[in-house]
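In what follows, a single structure is set out as structure tokens and then discussed.
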Amino acid sequence: MRSDTVKKGFEKAPQRSLFKAMGYTDEEIRRPLIAVVNSWNEVVPGHIHLDRIAEAVKAGIRLAGATPMEFNVIGVCDGIAMGHIGMKYSLITRELIADSIEAMVMAHQFDGMVLIPNCDKIVPGMLIAAARVNIPAILISGGPMLAGKIGDKVCDLNSVFEGVGAYSAGKISEEDLYALEENACPGCGSCSGMFTANTMNCLSEVLGLALPGNGTIPAVMAARIRLAKMAGMKIVELVEKDIKPSDILTVEAFENALAVDMALGGSTNTILHLPAIANEVGIKLNLDIINAISDRTPNLCKLSPAGQHHIEDLYFAGGVQAVMNELSKKGLLHLNLMTVTGKTVGENIKDANVKNYNVIRPIDNPYSETGGLVIVRGNLAPDGAVVKKSAVPPKLMKHRGPARVFESGEEVFEAILKGKIQKGDVIVIRYEGPKGGPGMREMLSPTSALAGVGLIEDVALITDGRFSGATRGACFGHVSPEAAERGPIAAVQDGDMISIDIENKTLTLEVPEEEIKRRLEILPPFEPKVKKGYLYRYSKLVRSASTGAILE
């Protein structure tokens with residue numbers, strides 16, 4: 001076995017001595033050594049309970065006859081990091097997590113690993129590591145938070161963000177805002193809507209690297225603990241059969257993930273993460289592939305922020321496997337693919353029927369005939385931008401308005417709260433891209449403020465930064481090339497007319513090409529905002545959002 005490198009033979013007596021210093025017996029050392037990669041901490045509500053998940057995983061590993069060895073990786077809470085310099089450090093942790101797992105697994109020569117993430121960048125970071133290291137691996141996340149309630153009204157973290165805007169506009173009282181603060185997040189788990197964390201946890205299931213139920217079983221349910229024990233048992237089987245991520249993460253598996261992403265109306269951040277994961281196994285997911293899948297895949301779910309349902313509702317309606325079953329009825333999935341269950345996709349989903357068609361629409365009665373995410377292009381975004389079409393108000397599907405240009409999310413947030421944004425405006429936030437930010441911050445505070453003050457159905461927002469999975473509205477992110485690389489977004493001036501046409505997938509700056517070129521030529525050289533530390537190194541190595549913001 002792989003771990004024999006560090007434990008077998010007389011010459012490995014020093015290494016065995018070190019294992020014994022931690023209390024491992026000869027029998028434990030002889031067994032397969034399984035890394036339990038935990039992202040537990042006391043900072044992130046989605047991770048506060050992962051110690052229990054890890055204990056269940058380790059119990060499963062021991063039941064199956066192997067030896068678990070746990071180590072931890074970092075995890076950032078995007079909600080706490082939102083709206084200040086901390087958000088620059090969110091996306092960049094994806095690479096830190098992947099790199100640190102690679103280092104630990106290669107240094108200690110584990111036979112397999114169980115990955116325990118839950119929140120936004122930790123899930124893709126761990127999946128990138130699994131693809132890169134390519135030893136038997138399975139992912140078991142911490143599960144979604146339950147939705148909050150105030151009386152008979154359901155709420156979530158996004159309700160609080162939007163409540164800030166509503167309070168500033170005089171639409172709710174301080175007591176109302178405090179009630180949201182107290183009740184929106186009732187306990188542990190990843191935030192309860194179809195935001196980035198839950199989207200990625202669902203897609204881990206679809207890719208075949210997590211067991212059915214991983215994306216939707218609520219964090220507080222005993223079923224989550226049982227699933228963790230099953231994951232621990234299953235990794236030993238994967239090691240025995242030498243089934244690796246490269247056997248599972250095929251082109252067809254990524255096409256399945258994109259199809260389910262479109263059906264769920266998932267987070268725009270998946271358009272960064274799936275290409276980055278695919279890149280590790282030599283697969284290029286370009287934006288044209290994403291649009292082609294969106295064009296043929298119906299949108300079956302409208303979960304928060306696009307609708308009123310939450311992940312717990314999706315779970316009780318049949319979960320991700322039921323959504324996949326619906327898609328399979330029109331041949332929209334590849335069914336003969338390997339998964340960590342030891343069964344094919346088709347075998348996994350054959351009995352997964354929808355239990356509530358109010359939550360998961362039938363395939364012949366979708367919310368729309370095309371997917372929830374769309375890639376748009378035009379002279380403002382030659383290399384593409386992404387919009388969550390399923391969360392766009394109908395009247396903003398096609399829009400023309402004057403640009404209001406800002407250099408940071410904080411500037412926009414302040415302008416919105418001070419009533420300086422008018423109906424019809426097209427907000428442009430630039431120099432927030434992977435290099436320009438650096439770190440490609442999310443713009444949840446500005447978009448939530450727009451919703452709170454009542455402008456979300458009348459104002460569009462365009463940025464080379466990102467959006468939270470909790471964002472709703474006509475919000476176009478990942479504009480590429482970014483402003484820091486002299487993309488056309490750097491040429492926009494206040495008052496320029498911008499045209500949006502989501503159905504035709506266009507984003508147009510109504511300025512002659514010669515004038516755009518002239519404006520870009522006279523721009524001063526971009527000056528990095530951060531000149532030391534990890535952020536500085538990241539800004540030098542990161543590539544365009546159109547590639548998944550991977551590192552050189």
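Heads up, the Cβ atoms here are built off N, Cα and C, so glycines get one too.
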Per Swiss-Prot, Asp78, Asp120, Lys121 bind Mg(2+); matching candidate in Glu414, Glu432, Glu442, Glu457:
Glu442
10 Å Cα neighbourhood of Cys119 ([2Fe-2S] cluster binding site): matching recorded positions from Asp78, Glu442, Ser468:
Asp78
Excluding its own, the Cβ atoms lying within 10 Å of the Cβ of Glu442 (Mg(2+) binding site) add up to 31
Length of the line joining the Cα atoms of Ser468 (active site, proton acceptor) and Cys191 ([2Fe-2S] cluster binding site), in Å
11
Other residues, Cβ within 8 Å of Asp78, Asp120, Lys121, Glu442 Cβ centroid (Mg(2+) site):
Val76, Ala81, Met87, Ser90, Leu91, Cys119, Thr196, Ala197, Asn269, Ser468
For Lys121 (Mg(2+) binding site), write down the residues of its own chain that are at least 6 apart in sequence and whose Cβ falls under 8 Å from its Cβ; none is a fine answer.
Gly75, Val76, Asp78, Ser90, Leu91, Thr93, Arg94, Ile97
Local Cβ density at Asp120 (Mg(2+) binding site) - other Cβ atoms counted within 10 Å
34
